[in-house]
Amino acid sequence: MKYQVAIIGGGPAGYTAAETAGKAGLSVVLFEKRNLGGVCLNEGCIPTKTLLYSAKTYDGARHASRYAVSVSEVSFDLSKIIARKQKVVRKLVLGVKGKLTAGNVTIVTGEASVIDKNHVLCGDETYECDNLLLCTGSETFIPPIPGVDTVPYWTHRDALDNKELPKSLAIIGGGVIGMEFASFFNSLGVEVTVIEMLDEILGGMDKELSAMLRAEYAKRGIKFMLDTKVVALSEVASGNGDTQQVQVNYENAEGAGFVIAERLLMSVGRRPVTKGFGLENLNLDKTARGNIQVDGQMQTSVPGIYACGDLTGFSLLAHTAVREAEVAVHAVLGKKDCMSYRAIPGVVYTNPEIAGVGDTEETLQRKGIPYRAVKLPMAYSGRFVAENEGVNGMCKLLLAEDDTVLGAHVLGNPASEIITLAGMAVELKLTASEWKKMVFPHPTVGEIFKEAL
C-alpha cells in the first residue's frame with residue numbers, strides 16, 4: 001500500500017509528525033518496534049517524573065512541620081511507587097495510540113528497514129511512500145571503561161524498574177539523568193556518590209546555579225566528585241562476603257582512589273540511533289559529528305527524506321523533537337516554517353528544580369557577546385516564600401547591551417512551569433522594558449522575572 005508519509009519511530013517526534021500529518025489529511029503509516037511514546041514516555045521523561053513526584057511527596061511529608069503540619073510514621077513502598085509509574089505510562093501510551101488511531105494513522109508494530117527513499121520493509125511487507133520521516137531516537141551510551149563488561153551495572157531503564165533499594169549507589173555522570181536519579185534515591189535514604197568528569201554537574205546549564213544545586217544536595221548527603229575520570233571497574237565482595245559490590249577506580253587532581261557501592265548507574269549520556277534500519281541505503285550527508293545533516297525544514301540531503309528528534313543530535317529533548325516534527329510536516333505540506341533552537345528550554349526535575357532557556361553566561365562568553373547579568377534571590381517572590389520554607393533559590397536574567405533578553409535561568413520550584421515565560425521573551429527578542437509591560441498574576445512565582453527586570 002502507498003502512503004503520502006511514512007514515519008520510522010513512534011517517540012515524540014514520530015507520533016507528533018503522524019498526528020500532525022493525519023490531521024492535515026495526509027495518509028500516514030507509522031512504524032514502531034517497541035511501544036508508542038518512545039524512550040520519553042516509556043523509560044524517560046514521564047516515568048522518571050512519576051518517581052520523582054513520589055520522592056518529593058515523601059520529602060514533603062517528612063518536613064511537614066515546616067508548614068505547621070504534624071505527620072507521624074511517614075514511610076514509602078517502593079514496589080507501589082514502581083507500580084504507579086507503570087500505570088501512568090500505560091495510561092499515556094494508550095492516549096497516544098488513541099489520538100493516532102482517531103487521526104487515521106496506520107500503526108505498524110515491528111522493526112522497519114529502509115529499502116530506498118520511497119520504500120520501507122517491515123516484516124514481509126513493503127510499504128511505498130512519497131515522503132519518509134526518520135525519527136529513530138537515541139540510545140544509552142556506555143563508555144569503554146576497562147572492566148565495564150565484567151561488572152553488573154544499571155542503565156536508566158534498570159533504575160526505573162528496580163524494586164529493592166540498594167544501600168549505596170555510585171552514579172557515573174552528573175548530567176540530567178544522573179542528577180534526577182541521584183535526587184530520587186537520596187530522598188529514599190540511599191547513600192549516593194556522583195562521579196563527574198567535568199568541573200561542575202549539569203554541563204550546559206547555568207554553571208552558578210548548578211553549583212548552588214550541588215551544594216544543596218551535598219548538605220543532604222550526596223557525595224560529589226568533580227573533575228574525576230573513571231579509569232576501571234571491578235566486582236568485589238562485600239565486607240561479610242555475602243554479596244558482590246562494584247568498585248569504581250578513579251583519578252583526579254588529588255590522585256587515584258576508588259569508590260565501592262552496592263549498585264552502579266551509568267548515566268554519561270545518549271547518542272543518536274543511526275544503525276539497524278537501512279540508513280546506509282540512503283547515502284545521506286552527515287555532520288562532522290556523524291549526525292544526519294538537515295536544513296531548517298528538517299529535510300536531509302535527499303529531497304523527500306526528513307529527520308527529526310534525537311537522531312539529528314541537535315537537542316536530545318522531547319519538546320525539541322515535537323517542534324522539529326511539526327516543522328518537517330509543514331515542509332511536506334508546503335507551509336512556510338523553519339526550526340529555531342534559539343529558545344529551547346532545559347529543565348532538571350530535581351528538588352528544587354533548575355531550568356534555563358537561551359544563552360548561559362558561559363555560551364555568551366564563548367561567543368564574545370557583551371551582556372549583563374541580573375540576579376535576584378527567589379525570596380523576592382511572595383508565592384515562593386509562602387511555599388518554600390527554609391529553601392533558597394535564584395533567578396538570573398542575561399541581557400544584551402540594548403537590553404534584549406538573551407537568556408534566563410531559575411533555581412527553585414516550580415522552575416519547570418515558569419521557564420516558558422522567559423522562553424517567549426527570548427524567542428521574540430523582547431527587551432527588558434517590553435517584557436516588563438506584561439501583567440503577571442499575583443501572587444505567582446513567575447513574578448520573579450518582573451522583579452528582576
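Using the three backbone atoms N, Cα and C, a Cβ is placed for every residue, glycine included.
Taken from TrEMBL as is:
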type: DOMAIN; residues: 3-325; note: domain 'FAD/NAD(P)-binding'
type: DISULFID; residues: CYS40-CYS45; note: disulfide bond
type: BINDING; residues: LYS49, THR136, GLY137, SER138, ASP310; note: FAD binding site
type: BINDING; residues: GLY173, GLY174, GLY175, VAL176, ILE177, GLY178, MET179, GLU180, GLU196, GLY269; note: NAD(+) binding site
type: DOMAIN; residues: 344-452; note: domain 'Pyridine nucleotide-disulphide oxidoreductase dimerisation'
type: ACT_SITE; residues: HIS442; note: active site, proton acceptor
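By the criterion of other Cβ atoms within 10 Å of the residue's own Cβ, the least surrounded of the binding-site residues GLU196, ASP310 is GLU196. Of the recorded residues, ASP310 (FAD binding site) and ILE177 (NAD(+) binding site) place their C-alpha atoms 15 Å from one another. When the neighbouring Cβ atoms lying within 10 Å are counted for each of the binding-site residues (THR136, SER138), the highest count belongs to THR136. The record assigns GLY173, GLY174, GLY175, VAL176, ILE177, GLY178, MET179, GLU180, GLU196, GLY269 to the NAD(+) binding site, and the maximum Cα to Cα distance across that set is 14 Å. Among the recorded positions listed here, namely CYS40, LYS49, GLY137, HIS442, LYS49 has its C-alpha nearest to that of MET179 (NAD(+) binding site). You'll find the Cα of SER138 (FAD binding site) roughly 16 Å from the Cα of GLY175 (NAD(+) binding site). The residue listed as 'active site, proton acceptor' carries neither a helix nor a strand DSSP state and counts as coil. Taking CYS45, GLY173, HIS442 as the recorded positions under consideration, the smallest Cα distance to THR136 (FAD binding site) is found for CYS45. A gap of 28 Å separates the Cα atoms of HIS442 (active site, proton acceptor) and LYS49 (FAD binding site). GLU196 (NAD(+) binding site) and CYS45 (disulfide bond) have their C-alpha atoms 22 Å apart, to the nearest angstrom. In this structure the C-alpha atoms belonging to GLY137 (FAD binding site) and CYS40 (disulfide bond) are separated by 10 Å.
Taken together, the residues in the domain 'Pyridine nucleotide-disulphide oxidoreductase dimerisation' (344-452) have a mean pLDDT of 97 on the 0 to 100 scale.
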